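Student: Have a look at the structure that comes next, please.
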């Protein structure tokens, strides 16, 4: 057989038969725009040669110039052009990979070419249909695979779909009945092709609806499926879609049954307004009879769909490669299952075993292929094909007949780590033909017993690994061809556990959720902690934070809801624990609002409730918006229990309604639903009566009739106005009326305070509303004409007095009696020395008896009061009555104005107080109560009571110790008893200690002695100071002055003084030291003169010093030394002495004696 082949090139290693490693799908769809190819790759040694079959016949690839085979594989690249269309490649292909040991075969690949997604050019005639008749607009989209279909108009707006109009699974648009509003010229079917991301549009339909006088209601009938029963086959695991669309007027309601019962809601999903039943993944249990029921008020019809779930073949035991030595036996097993039961066929190197070269060593027995006493040279690749009406499965198995010495295939001296108490497998892969005998040893001892088991592939199984099982193990393979061995070291580790697993949480939205996950593991192993959310890795970040042993989720929301799994993983084992987070939230908004059953003043509203988000819906709130009076403002209409989703709404006339629904649970309100379509109610006369009708006069000769306006929703029609009716009460005159658009109407030229019967009636363009009940109104009031008489006070107490008076005639009130009002004021106190404020107060009494009376409260005791009374209507007060006088009785006094507590000594408290601001009578004394609080015993002391006469306003008491505090309560007394109390507490000890130190220092003997000594010293100092001022203080000045004048007499002839002589004197006086001899002579020569100057010429000396010291002329002193020695000393002496002494002090006497 000729073949097109490509070799993979030379390879090393053991020789093996071909094995298919990659191939295209059984249903292979190709798009010519992105390239056309069929994959087939295989491995083997020697490298396999590839060949193809097309539709069961050999396909000579090299002779087809449009087809090429890729290098190093059997993949076909399919070309096309003007001479070869892509559709010509559509066929069944099968790939063969062949080498010296046999041929491996791929699945049969059915190639399909994706069709061009373009509608054929066509001109669609307008579709004319009578109103109320059903209609189907076909779509028939092109292309493969099927595109996504949606219907739109020329404005690219979706065609609204509901229970009457909907799209079928095949893309057609179904009308259960057409209405006048369905007349459009642009019904367009649009197809979206996911593979090319393009949208194609079919030529639009033009629909003309023919109107008739009456539209007859019709019994439902099915548009799809046709008839009363049908059947459907679906493969297990695939999606089942059942569709049921019915025609009829009114639009039928669809309901589904499964074997006569309601469909299970958890598995079955209903959509497209219950017209579609969908099961995402079918199982054998879904084989049943599904009944579709269509009902309207004209009748009911049924359609039964018999669903059969079939199963394509699947493997129960797949054949595997077999290696046998010459003269040995073997078996290939091929077991498959399906519905119906699949048929098994064996092939050799791609050819049916029945037509292959006979081989006496093999035999087909049921689902097995048995080999006996095989011989070298009979190696081949066998295929098992299991098929039924719904598919097939194909498997390749290589039977290799070879003779070889034992050898180990696995790594040598392998280290195996296992978890304690786990089933452990120590592998020892080996090869040999014939099959060697394999045994395991530990420390030279063969392993046997219940704890150990050696499998056919050479693996040692330790049923339960313990710490004692750690150590070195040896596997030995023996056959007639030789011997081979390998070693394995086993380490047993402590298992990983989760000591604190996460727990199920129910959290409110916005709260913190926290999942624990604390592990315990073998310290010689490293661990990784991974969190999954709904079996996918959790997105850790600022919201989902993984801590050491927990996962925290702050501010949870509905997106956080799901199953959280903590995975603790080591290199040997892995443990996990899961918990579910349930977020309680507000419900989802209702959807699919629909209006039906319209009447003049009601309509039925139906909706689909949203998810309650784990908190049951308690009620639904229906709101409305109308575009006439309050456009855009939503208002509450009514609320309904949470188990309802279809209600009758009571409406008002002449309103263009639009509705929405809000679901409410324990957490809060959902978002509002999308608004329903609008519904306009017809107009009607007003139903409501104007409220709060009043007739009030604001002048003597008029009356204002006012009322409350009807609500906008109570107008019931356009141009709302009011008819006002009135007439004088108890008269025979006819009703008068007037029409107004306002909310008040005035009647003029009325008598003063005259009763009128009034009623108001609303009306609009549709008619008159009901009349209101008759109410009584009064015209305006005037000033009362008379004053109450015989005003008197019959009984007085300390704070209240009873007033009596004679009422005025009703006719003199000139209106409705409002009250009798007394005006009163405190004129003086009965205590002559107490001044008062004459603030006027008033009190009203409503009394209609012949002998009315009232009580005036809040009076001040022991006072003189004056009072007069007036009568008042709703607008005016009448003339005052005669002013009367009365006195209040003596009462208990008010609180003392102050209570002062002083600490004058460590053990004495001194209290003084002032009399009350309001004695309320003649004071008779004071009562003082006191008791120890928070004392040394920690409790409250015994209450002491002391009474004082009126002239005593102070009190002293000794305290037991410095830490005891007292609470004092003082009250003034009259003949009626004690008045209001004034309370104070004694100060704390910290304040007392400071006072004690101040007092104690002044009373200490040592302090008094020190102060006396200081005073004596000050007295002596003052005496010395004055003596020095009168004598010794003048000597230095006179010496220097006399010395200068004796040696150099620089006076002018007229007796004036030459200031330059002062400079010489200054220069002499500022020498650092005087000459002793000269100073001595000068001193002796001047002593006598100094004494006389001290007594006789004192005034001259003083004058000369004053001139120098106090003159303030400093320009004559160039270096300032004269002022420093003479005027400075004089100033200090004068400051020390003259400031504190007077000429008449005793010091002057001492001075005269000196």
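Note that Cβ sites are derived from N, Cα and C of the backbone, with glycine treated the same way.
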Student: Looking at 984-1005, 1006-1027, 1028-1049, I want to know which stretch TrEMBL calls transmembrane segment.
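Tutor: Of the candidate stretches, TrEMBL labels 1006-1027 as transmembrane segment.
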Student: Based on DSSP, tally up the residues of the domain 'Fibronectin type-III' (689-782) by helix, strand and coil.
Tutor: 3 helix, 50 strand, 41 coil
Student: Which numbers of helix, strand and coil residues does DSSP report for the domain 'Ig-like' (220-312)?
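Tutor: Result for the domain 'Ig-like' (220-312), in helix, strand, coil order: 3 helix, 59 strand, 31 coil.
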Student: Sort the residues of the domain 'Ig-like' (313-400) into helix, strand and coil with DSSP and give the three counts.
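Tutor: Here the numbers are 0 helix, 52 strand, 36 coil.
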